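J.: This is the structure, below, for whatever I ask next.
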Amino acid sequence: MEVEKNAVPESLSLLDQYEVKKIEELSIRTRWLKAEPNKSIRSLIGWRGKSEYVYWDLHERVHGPHALVGGPTGSGKSEFLTTYLLGLAINFSPEDIGMLIIDWKGGGIANTLEKLPHFMGAITNLDGAGTARALASIKAELNKRQREFAKYGVNNINGYMSLYKQRLNPNPAITYPSKPLPHLILVSDEFAELKANVPEFLEELTSVARIGRSLGVHLILATQKPSGVVNDQIEANSTSKIALKMASVQDSNELLKTPDAAQIINPGRGYLKVGENEVYELFQSGYAGVSYDPDKIIEENVDERIFMINDLGQSEVLYDPGEEVIQGKDTSELPTQLEAVIDKIDQIFQQSDYILPEKPWLPNLEDQIVTPSVKETKERKMDIPLGVVDIPSKQTQEIYNYDLVKASHTAIFASPGYGKSTILQTITMNLSRQNTPDQIHFHLLDFGNNGLLPLKNLPHTADIVTLEEDEKLQKMLDRISLVLTERKQLFKECGVANLEQYETKRQITLPIVVTVLDSYDGLSTDDTRKEKIDGISYRKERTVLCGRCGEKSPCPI
């Protein structure tokens, strides 16, 4: 790559930008060891001239802590952000730098960088529930950092990480953190979409900017068109701006207060502005999407053709190596420089002792999960794992336990096809796995589409009945009523109020009787059997009802 001295290059590859031919020459491991994030978190973003580097440093004492990036489609905005974030990963370990991508459209930069050990998640599903989840997660991260700082008696990210790294040579009188808290780079790849569709989320992001400085949280808001989107609050919190090729003078003025970015032609070229022009530089950023061939030999451009000169001084080409058909590599099969660098970074991390920090954003719950395992016990146990619960405010996902005794009567609501019968199957199966047939009995009322039929042959199942089996249903309801009456009389004679007291006093065990009813809404309001079922549910026997959303339940949830 030939670049005139002091001329901004027309284009750069990522490795050109670092002036290396092979990834090993980046010396990533050494960079991680020598990094001083308490002083600088700079990343090489391009050249302003031949071998004249331009760095972007969002450390609060340099160009940070927050920034704006502008550039429409075709300006190379996403590629620039990728180069910037990859530069951070080249220079700093995952203990020092983490990145969280907020992308309204989904995919994009997040898909490109997700294999980096520095990658801490992607917030893409910002519908109603998704927005609330994202806000809770971000608030939880800020709160966690504040708690950790208070716990270890420090007031900023530098103090915390300094203490964390001192744990390798500990002073017995000092308590050290066991987990790192990296500088967290929050990148919103199209915040204009956020403002238009979920304004409350953008408001929360700007509040992050207000308090994130000392917490090591940095916000980069990127947009295609800054005009009308950048308000005074965002402007005040954004110390530095990057303007790539802008679509209009107005957009350029919005970021730079000059029309300069509207004159840019090359993708990946832009201006870095810090404060009131403390820094104002034109640069060309490196593009990481070009093919990477480590075996390619870079040679001087020597003309190897052989000519024959006749007596008249005329020449004729006898040999031209450029015309030879060379069996070489198919460049379409080669990795990009981006992919190769990410693989190298991941390899270095896997071979190191660095500790991954806790992620502030966990992936959405899976559409299907394996039923959590249960432990067999000799004693009756009504507390069972039912599924996984997402708790973004605590940045965790935990096994959700359902306690039949504490829950008492339970109603399950859902639209058709959303798993009501599946939940009933899970509850019944897990209760059966943890308890013997002498400890628990099931009466199954299947008023739906045979969702309870697979449970028919459980030794714990007394019987199963459908809505069409009127006589059998009446007998089952009578039998359940009789059990309730008999137990009420037993408790009265024993002078106790419930099963637990009775078993303690008599030193015997009676089975828990559970009525499981699928599709309660299958009963019409004038069905006489409905009144009988409602009467049973109001008494003390355990009932699990399952109905369609909107149906009125006869029992508490």
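The count begins at 1 with the first shown residue.
Cβ coordinates come from backbone N, Cα and C, glycine included.
Curation plays no part in TrEMBL annotations; they are all automatic predictions.
Marked as ATP binding site by TrEMBL: 71-78, 414-421. The domain 'FtsK' annotation in TrEMBL covers 51-253, 396-557.
Explain the structural surroundings of these features, please.
T.: All protein chains considered, the CB of K77 (ATP binding site) has 25 other CB atoms within 10 Å.
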J.: Look at the binding-site residues T73, A414, Y418, K420 and tell me which residue has the greatest number of other C-beta atoms within 10 angstroms of its C-beta.
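T.: Of the binding-site residues T73, A414, Y418, K420, the most buried by Cβ count within 10 Å is K420.
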J.: Return the single residue from the binding-site residues list (G71, P416) that has the minimum number of other CB atoms within 10 Å.
T.: P416
